[in-house]
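Each remark here refers to the structure printed beneath this line.
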Amino acid sequence: MARKPLIAGNWKMNLNHFEAIALVQKIAFSLPDKYFDKVDVTVIPPFTDLRSVQTLVDGDKLRLSYGAQDVSQHDSGAYTGEISGAFLAKLGCSFAVVGHSERRTYHHEDDALVAAKAAAAFRHGITPIVCIGEHLKVREAGNHVEHNVEQLRGSLAGLTSEQIGQAVIAYEPVWAIGTGRVAGAADAQEVCKAIRDELGKLSSPQLAAGIRVLYGGSVNAKNVGEIVAQEDVDGALVGGASLDGEQFATLSAIAAGGPLP
């Protein structure tokens, strides 16, 4: 089954809402419309930028989408500081990242919470981008495949086969995030194939064949082509490079099958 690549730009805690408008305009200006037929492009700004991005995307009828960096497992109530999927849906979010390694590390989120957040996203018509990945010690011990498969199971626990079939999975080796170190294309393929094989067991081989599996970890315009050329890698969760409008547009074009003219 042909899977349309997805390039998702995770801005993390960067850019205020004025800067967000400028960056989205830069991406839209730099990426010719023809590429959107071959690649889905989404930006993942901070919560405080979402309304400004929504207004720009809707007003200018831009073909890129946007999403949130997190979502609460709760729909409403006395949960100070939490952001409901209902709110994100009203803002037009297509995606919500759940289980990012920085959330797991700094906020001690475990697989059960990630699964609950993924379920909450689905309740509100939002596609979760479920992140998994190993630390360097796990990689060096040669247990990276088993680690990621186990984390995948836990992070999707309780979801239906149909929901799993609609999710996006992002493999992000923790040792490669923001470090400049990148998993080799063959390494990314090894884990992403194992992920897809496990998805086939958790849902069905037919559904798994259509699930997009992304790679995340120091992706840029120089390495994205080799990474997304792998059979089981369907795009990238991009960090620092997504803050550069021209570079993000270029790597999106490369993922679509051709460099910018």
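Backbone N, Cα and C atoms are what each Cβ position is placed from, and that goes for glycine too.
What you are looking at is a predicted structure, and each value in this text was computed from that prediction instead of being measured.
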Site co-member for substrate according to Swiss-Prot, given Asn10, Trp11, Lys12, Gly178, Gly239, Gly240, out of Ser155, Ser203, Ser204, Ser218: Ser218
Neighbouring C-beta atoms (10 Å sphere around the C-beta of Asn10 (substrate binding site)): 26
Non-site residues, in chain order, whose CB comes within 8 A of the mean position of the CB atoms of Asn10, Trp11, Lys12, Gly178, Ser218, Gly239, Gly240 at substrate: Ile177, Val238, Ala241, Ser242, Leu243
Entry from the binding-site residues list Gly178, Gly239 having the most other CB atoms no farther than 10 A: Gly239
Under 8 Å by Cβ from Ser218 (substrate binding site), same chain, sequence gap 6 or more: Ala176, Ile177, Gly178, Thr179, Gly180, Arg181, Val182, Gly239, Gly240
Recorded positions: Lys12, His100 - member with fewest neighbouring CB atoms within 10 Å: Lys12
